[in-house]
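Asker: If you scroll down you'll find the structure; I have some questions about it.
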Amino acid sequence: MQSHTIQSKPGEDPFGFIKHLEGCHKNGSVKGLHEIKRYLEKFGYLNYGHQGKKGHNHANDDEFDDLLESAIKAYQQNHHLNVTGSLDSSTVHEMMQPRCGVPDVVNGTKHYHTHKSIHTLAHYNFIPGNPRWPKRQLAYTFRSSVEVSAARNIRSIFAKSFSEMGTDHNDGHPFDGPRGTLAHATAPATTAWCHFDADESWSENPGPTQMDLESVAVHEIGHLLGLDHNDDPSADAIMSSRIAPGTEKRDLRADDIEGVRALYGFVN
């Protein structure tokens, strides 16, 4: 089968700044720390808003304060890292991975599932409110501002993904260029949408610097069905928030399947 690739626009890694902050810890002041605050705010770990004007000032300065330390600890705990509260090498490595744009934490809360048996070890999470579709037959359509010669193949990839379970695009959540944030999706509702960053180098047979379109599509469809991120490394779930370039992760893991079944039941 012929391999198809969507070439990305050249640009710097939007998460590359994090590497320069490695080793930072509380009570320090390092140029660029305001960017890690924005990163943690974007993905739900940090909110200076409740502090009013004072909080606004801290959100835009380069001081490593108590709130930033707490946010880093929450990130480390959620990603099963050693909880140090500092930007150690393991934390920096995880933060720099390309990832889904859906926040890990919503309104300060990580929403864990509540359906597991006392005898069942499960790690899947639901989107807050446990939203789900009222029917099992869903229609979907495509709309793109990017000309892609392999459009038929892209549609085929999405059809297969469903069977398994530009920058500013006017939704209030602009993308950030190659790598960084790859895609994002909404929860089940009357209608829902899923957006992919057109600046990525997408491929159906990815090389070491390319992103596998099908792997990311399956993940985002998980969000469309009501699943939240699951960053427990022991689960190796499709719903992990991060995926490295060149990685193919297309098949649902046991934990992903259990999560969908908990929402919709078994399908005969």
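Any Cβ shown, glycine's included, is placed from N, Cα and C.
TrEMBL annotations: computationally assigned, not manually curated.
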Asker: Look up motif 'Cysteine switch' in TrEMBL and report which of 34-41, 98-105, 250-257 it refers to.
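Answerer: Motif 'Cysteine switch', as annotated by TrEMBL, spans 98-105.
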Asker: So TrEMBL lists Cys100, His219, His223, His229 for Zn(2+) 2; which of Met211, Met239 goes with them?
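Answerer: Within the candidate list, TrEMBL flags Met239.
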Asker: Six or more residues out from either end of the motif 'Cysteine switch' (98-105), which same-chain residues have a Cβ under 8 Å from its Cβ atoms?
Answerer: 15, 42-45, 74-75, 78, 173, 175, 179-185, 211, 216, 219-220, 223, 228-229, 231, 241-245
Asker: Could you state the whole-number distance in Å separating the C-alpha atoms of Asp176 (Ca(2+) 3 binding site) and Glu220 (active site)?
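Answerer: Here the two Cα atoms lie 18 Å apart.
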Asker: Based on Cα distances to Met239 (Zn(2+) 2 binding site), point out the closest of the binding-site residues Gly177, His184, His195, Asp197, Glu200.
Answerer: His184
Asker: Given the binding-site residues Gly177, Glu200, His223, His229, which lie close to His184 (Zn(2+) 1 binding site), meaning Cα to Cα within 10 A?
Answerer: His223
Asker: When the motif 'Cysteine switch' (98-105) is classified with DSSP, how many of its residues are helical, how many are strand and how many are coil?
Answerer: 0 helix, 1 strand, 7 coil
